[in-house]
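The structure under discussion appears below in the form of C-alpha cells.
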Amino acid sequence: MSLPRWMEPLLEAGEMREIDRWAINERTIAVDELMERAGEGLAGVISRRAPAGRVVFVCGKGNNGGDGIVAARVLRQAGRDVEVLLVWPAEWMGSDAQAQLKKLPGAKPVAFEAGRLNKAQVIVDCVLGTGSSGKPRSPADQVISEMEAAKAPVIAADVPSGVDATTGEVEGPAVHCVATAAFHRPKVGLWVRPGKEYAGEVDIVDIGIPRGGPARPDAGLIGSGVLREVPRRGATSTKFSSGNVCIIGGSRGLTGAPAMTALAAMRAGAGYVTVGAPASLELSFTVRLLEAMVVGLPEDGDGHLDASGLEPVLKAVVRADAVVLGPGLSKNPQSQALARAVAPRIDVPLVVDADGLNALAGQLEEILAGRRWPTVLTPHAGELGRLLEVDSAEVERSRLRHVREAAAISKAFVVLKGDDTLVAAPSGRVAISRGRAPGLATAGTGDVLSGVIGAMLAKGMPVAQGACAGVYAHLRAGQIAAAPHGPDGVIASDVIASLPAALSA
Ligand SMILES: NC(=O)C1=CN([C@@H]2O[C@H](COP(=O)(O)OP(=O)(O)OC[C@H]3O[C@@H](n4cnc5c(N)ncnc54)[C@H](O)[C@@H]3O)[C@@H](O)[C@H]2O)[C@@H](O)CC1
Ligand SMILES: Nc1ncnc2c1ncn2[C@@H]1O[C@H](COP(=O)(O)OP(=O)(O)O)[C@@H](O)[C@H]1O
Ligand SMILES: [K+]
C-alpha cells in the first residue's frame, strides 16, 4: 500500500539502489547523467551555504565520491578555490567515479591528509553514501574522525559518513554536518536519531529520476496535511459527536498529569471529557477542571487506585469514544494491577501512557492480545526499554528497530517520543515527526500528547492517522508556545493553550 498523502516518503538505502537500477535499466538514464545532476545539485547546496572560501572535498571510492568529483568540477569552473582529497588510491575508485576524475580541471586530487582540512572554509563529506555497510573501516574511519575534529563546517553528500542511511544508527565514527544534500529523496536515517543529529539541515536535490519507480517506501515524514484529516465541529455537531474521552489515572502527588491530559483533549477538540481518579482526590480535579466530569474510583485510602476498581472503571468509560490510561497512575502495585486488568476490557480505542505503560512491561503480548479495538502506546525511550526489557541506551541506539519490534509484538501503534518521534504500525510502517520543538523538553508535555491523541481517536480518526495528527499538532503547539519567550520558558500548560492555534493553522 502506498503512503497516505500527508506523509513525505523517505527511502532506505536498498530502496534507493532499486530506484537507481530501475532508472538506469528501465528508463535508460545513464549513470553519469545521474551523477552529473547529483554533483551539480551538491555544488548548488555548497554555493548557497558557503558562498566564499576554500572548499575541500573528501572523496571515497564509490559513487558518493564520484558525486564529489562532479561538484568539485562545477565549483572550479565557477571560479571557486577547490581541493580534492582521496581516501583510497584513484585506481581503486569505481569506473563511474574514475570517469569523472578524468574530467576534473585544475590541480589533481591528492591523498587525504588531515592537515589540509585546516585551510578549508567548508568540508564536503563524500566518503560513504548509501553503499556503506557496517561501521566505517580503515582508512575511512580515521578520515571520518579527522573531518569530525576539523574546525570547518561539513556538508554531506547524500548521507553523513558513518550514519546508516536506512536506520539512522551510528556504530562508529561519524561526521556532524551543517547540512546534507539528499539525492532524489531523503533517506530514513537522516530523520531518525542519532543519525538526525549528524545530518543537519536536509536539502533535497532532484537528480532527474522520473516518477513511477519500483520502491514502495514504508517510512515517511508526517506532513502538515494530516491536520486536514481532523474532523471539525459543524452545525450538526454535539458535545458527544465532537469526541468523548475518558482518562483513567492520577494518584496522590500526581494530579497534574491527568488534569493536563484532560485539558489537552478538550483544547484538541474533544467535546466531552471525563477523568476517573482516586476518590480522595476528586476535589482537586473538580476545582481545576471546570468543563470535565470527574468520577471518584476505589482506592487504597492513600490516593492510589485499587485493583478492586475494575468494574467502576468499566462503568466510567462506558460512553467514551476513546480512553487514555496511565497519566499520573503511579507505580503502586494495586494501581498497576488495575491497569493490567482494565486494558484488555476497554472496547474503544485506547491510549496507554506513563505508568500505564510500566504496568505492561514484559507482558505486552499477553495483555494486549485480546483487545478488539486499536491501542496506541506512547513511551519515551525509558518506557520502551522497560516494555521490551532492554536498556534505554540500547533503545536510543536503534530507535527504529525497537519501535517496530514493540509494534509487532503488541499489535499496537507505538509512538516512541523524542525530537524524532516515531509512530510505528504493527505492519512495520513508520511515520516520523520532523521535530524541532525543543520547548517540549519539559515535564507534562507527554501528558498533553496523550490527551491530544485521545481526542483524535475519539473523533473517529483511523488510528495511524489520529496518532500522527496528535503528534503533529502537539509539535506545532510546542513551537507556537515557544514564540513569545523562547523554548526555555515553555511549560506544558502553554502547549495546551497553543493547541487551538496549532490545529487551526
Ligand atoms: N547510480 C547510482 O547508484 C547513483 C548513486 N549516487 C551516489 O552514490 C552513492 C552510493 O554509491 P555506492 O553504492 O558506490 O557506494 P558508496 O559511495 O556509498 O561507497 C561504497 C564504497 O565504500 C566501501 N565501503 C562500504 N562500507 C564501508 C565501510 N563501512 N567502511 C569502509 N568502506 C566501506 C565499499 O567497498 C565501496 O567501495 C549514493 O549515496 C549517492 O551519493 C549518485 O551518484 C546518483 C546515482
Ligand atoms: N528536545 C525535544 N525536542 C522535541 N520534542 C521533545 C524534546 N524533548 C521532549 N520532547 C517531546 O515532549 C514530550 C515529553 O514527553 P514525556 O517524556 O512523556 O514527558 P512527561 O512524562 O513529563 O509528560 C514528548 O512528546 C516528546 O516527544
Ligand atoms: K557522504
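Cβ coordinates are placed from backbone N, Cα and C, and glycine is handled just like the others.
Those TrEMBL annotations? Automatic predictions, nothing curated.
Residues Lys417, Gly418, Asp419, Asp420, Thr421 are recorded by TrEMBL as AMP binders, and the candidate that the same record lists for that site, out of Gly428, Gly439, Gly444, Gly446, is Gly446. Asp125 is the residue from Asp20, Asp96, Asp125, Asp203 that TrEMBL records in the K(+) site together with Asn64, Ser161. Ranking the binding-site residues Gly418, Gly446 by how many Cβ atoms sit within 10 Å of each one's Cβ puts Gly446 at the top. Among the binding-site residues Asn64, Gly66, Asp125, Thr130, Ser133, Ser161, the residues whose Cβ lies under 6 Å from any atom of ligand 3 are, in sequence order, Asn64, Asp125, Ser161.
Among the binding-site residues Asn64, Asp125, Thr130, His380, Lys417, Gly446, the residues whose Cβ lies under 6 Å from any atom of ligand 2 are, in sequence order, His380, Lys417, Gly446. Here the Cα atom of Asn64 (K(+) binding site) is found 14 Å from that of Ser133 ((6S)-NADPHX binding site). On the 0 to 100 pLDDT scale, the domain 'YjeF C-terminal' (222-505) averages 97 in this prediction. Around the Cβ of Asp125 (K(+) binding site), the same chain contributes Val58, Met147, Val154, Ile155, Ala156, Ala157, Pro160, Ser161, Val175, Cys177, each under 8 angstroms and 6 or more positions distant in sequence. Screening the binding-site residues Ser133, Asp419, Thr421, Gly446 for a C-beta under 6 A from any atom of ligand 1 leaves Ser133.
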